[in-house]
Amino acid sequence: MNLPSDSDPAAAADSSRTTGDTTRQREVAAEQEVVDLAYGELDRQLDEARRSLAATEARGASGTHQARGERDAYAAHYSSIVSGLEGVEDRLVFGRMDLASPAVAEAGPSRGGTGSPVTNGGLRHYVGRTGLQDARYREVVLDWRAPLARAFYQATASDPMGLVRRRHIDTADRTVRGLEDELIDVSALAPSQRAGERLDVEGLQGEGALIAAMSAGRDGRMGDIVATIQAEQDRVVTSDSPGVLVVQGGPGTGKTAVALHRVAYLFYAERERLERSGVLLLGPSRTFLRYVEQVLPSLGETGVVSTTLADLVPGVHARGTESAQTAEVKSRAVWAQILRRAVRDLQRLPDSPRPIRVEGTTLRLEPADVREAQARARRSGKPHNLARETFVLWLLERLTDQMAAATRQDATDADTRAWIREDIRTARDARREINLCWMPTTPEGLLERLLSRPAVLERLAPELDAPSRALVARPAGSELTPADVPLIDELAELLGPSADAQARRTRLEAQRRAELVAYAAQAIESQELGDGMVSADMLADRMEDRGPSLSLAERARADRTWTYGHIVVDEAQELGAMAWRALARRCPVRSLTVVGDLDQFSGPHRPRSWHEVLSELGTGRARRSAAAPTTPVREEVLTVCYRTPATVMRAAESLLAALGQPPVYPVRSVRDLPDCLEVEDLSATTAATDDQEWASRLRAAVIAERRRLDEALGTGGGRLAVITDQADSGRVAAILSQDPGLARAMEAPGGDVLRSRVAVMGPRLAKGLEFDTVVLVDPARLGGVSPGDLYVAMTRPTRRLRVVSRVPLPAGL
Ligand SMILES: Nc1ncnc2c1ncn2[C@@H]1O[C@H](COP(=O)(O)OP(=O)(O)OP(=O)(O)O)[C@@H](O)[C@H]1O
């Protein structure tokens, strides 16, 4: 190496730059070789899995039942390997760890130490989306979830965890674009290495990967953060699963990202258990689920059931809307008693004996018999509709005795009893009177009865005051709403499947089978298989077996009574008591990750604590709960905001404080940006009263912000949201779409607002989402109803918040 002479500083700088450049080039080339090796391995394994899948499927549907079962299991296994490997294509390798000694490497489960082409005898590990070994089982890439990889995320200068250097490797399309080194433990380097290392570190940017991730324009979909998970986040991602883990964090602290990475981690750490039971992810809206849907596949996981509260119960479609106040009344824990009472109300005692005409004879349904039948039915412990069988059977026996006596038949003869019982069972009078004493019903039917009859509601819901009852009252035939779904679920639990529903299912099943057999018979005829060896029934059996076997996630989603191994709830502060009860039923082992922010609560008063929110999970402080009272709860707090610039964040926090709810969990933004906040108060101008003027000022503001985005990210780059009071959003959208350019930018293919460059929405839809720029319209309107909604709206932008208001600004802005 030519050292520069001391007497010529410029030449020295030049020479040092050149040396730095060539060192970097060499390093990049070396890393490219490793990246090529990793992709080569990925391709080889993918190819192998695809071939195995094809060969398994080609085996056809013949053979014993067991053989077919095995084939299906193999096919499911290979297809999950294929989709897992396909998911990790982008940035397969993103990090490298250099360790002080291979002894540390041996502490982990990796078998990379011996003879691996990349690990330098255990001193070096490449961290990536998935673990890869070569054909000789030597480590090529270390899975980011492996215990050994923790140092990559958590090592610091004060606690190096055996790490000397952490390297971020930036790749695109399988090509290394840049490297970024962090020297963790200089003392671990040999003196001869130190100079070289310093040169490298100086040539590369610290925190570059994180800054790059945060500064990239948004494309309407959340990305994974696997390459840049921070230490406080990593501790949450990898914490043990028993009990309830509450992750409280202010806006943009990565709660959603952490929750999703935690799902992937749990699948890694507890694969066997979770592959059998599945994981449920509950998000605040379908839009939000679409926003995050790419994250888990990009981490190689596809077996998660994601849903919203509205879609939680299969077959129930909650298309209706209602006020937040109505939804709040429906979310209260007291409904558990009201609904129990409503079910009990279907079990009635007649005041006096009821006459029943059967085949010309009059029998009497005695209140004492009804009482006894009810007691027996309740003792069965079954839900209402199923216990009804016990009730009906016992009454039929009593009526059979009466009938036999009245008609002088032999009540001890089994055949005679059966005939008589059948006569009574099918008599109209008997059906009506027995039903009146134990009415079978559906959850939807009973809820409708309760809400559409004010007198019934008043009688059965004494815990609700008149204004609350007025809020939930609605005409019969109304659409179900999302807040009805936990009530329906609770009722489904209390009622059990109705005889009608069971009969319908059996009928449909029989019909489907008959069609299949008819089709098989046709196939036998047309293909001249009629040699007597194959019957239509046999062929139908085989056709049924060959049908695509449902994945675990599909089966779980279709089954209301499925119990999951783990549940992750995002925006958990929004869930009411009845929703928690529905979730508790779905996870008897009470293994939950609950992420949210009390400060972002939608509504006039935020909950006081997470214990208050979670009381129905049986987390210890609840007096009455749907669960064992001992569910352990741990609370973790995330404090660093990766999204919102500091100036905007401070404004949002001080506004929340001015509204009387200073944030319980303030955050620190990792960055600030110049010009990130602009407030345009039009309340004292003609725009306040003149609609035309207001419309044109609003359009001008949005157009100006779109232009700024064009300049910052290239024409058409980035996303902009106009957030306004929900009730105003239609009007605001109409104003903006008068400009042809904005109208085009607002087009939402397939009705998906995430695909439009400019989207108008209320704060509740904006929950959990983020945009490059937010134009916030009339903030006082939002804050007046729900301080948390205003806080959410203000904290959505990654770059810039522009406030435009024709009403006076809220104090504090
Ligand atoms: N470690 C990280 N590296 C890179 N980006 C990160 C990191 N942590 C979070 N982010 C980014 O910060 C943004 C906010 O993350 P996320 O949506 O998970 O936060 P949140 O706490 O759920 O926010 P909110 O409650 O406001 O909806 C996302 O763009 C996410 O990718």
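Quick reminder: no glycine exception, Cβ is built from N, Cα and C everywhere.
Listed in sequence order, ILE225, GLN230, GLN233, LEU638, VAL640, TYR642 are the same-chain residues at least 6 apart in sequence whose CB falls under 8 Å from the CB of GLY254 (ATP binding site). The feature ATP binding site is assigned by TrEMBL to GLY249, GLY250, PRO251, GLY252, THR253, GLY254, LYS255, THR256.
Positions annotated as compositional bias 'Low complexity' by TrEMBL: 1-16.
Under the heading domain 'UvrD-like helicase ATP-binding', TrEMBL lists 228-645.
Residues annotated as region 'Disordered' in TrEMBL: 1-31.
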Practice problem: Any same-chain residues 6+ apart from LYS255 (ATP binding site) with CB under 8 Å of its CB? Would you list them in sequence order, or say none? | Solution: VAL247, GLY249, ASP570, VAL595, GLY596, ASP597, LEU638
Practice problem: Give the number of CB atoms, excluding that of THR256 (ATP binding site) itself, located within 10 Å of its CB. | Solution: 26
Quiz item: Non-local Cβ contacts of PRO251 (ATP binding site) (under 8 Å, 6 or more apart, same chain)?
Solution: ASP597, GLN600, CYS641, ARG643, THR644, MET649, ALA652, VAL667, TYR791, VAL792, THR795
Self-check item: Chain-internal residues, separated by at least six, CB under 8 A from GLY252 (ATP binding site)
Solution: CYS641, TYR642, ARG643, THR644, MET649, VAL667, SER669, GLU770, THR795
Self-check item: Residues flanking the ATP site, with Cβ no more than 8 Å from the Cβ centroid of GLY249, GLY250, PRO251, GLY252, THR253, GLY254, LYS255, THR256 and excluding those residues themselves
Solution: ASP597, LEU638, CYS641, TYR642, ARG643, VAL667
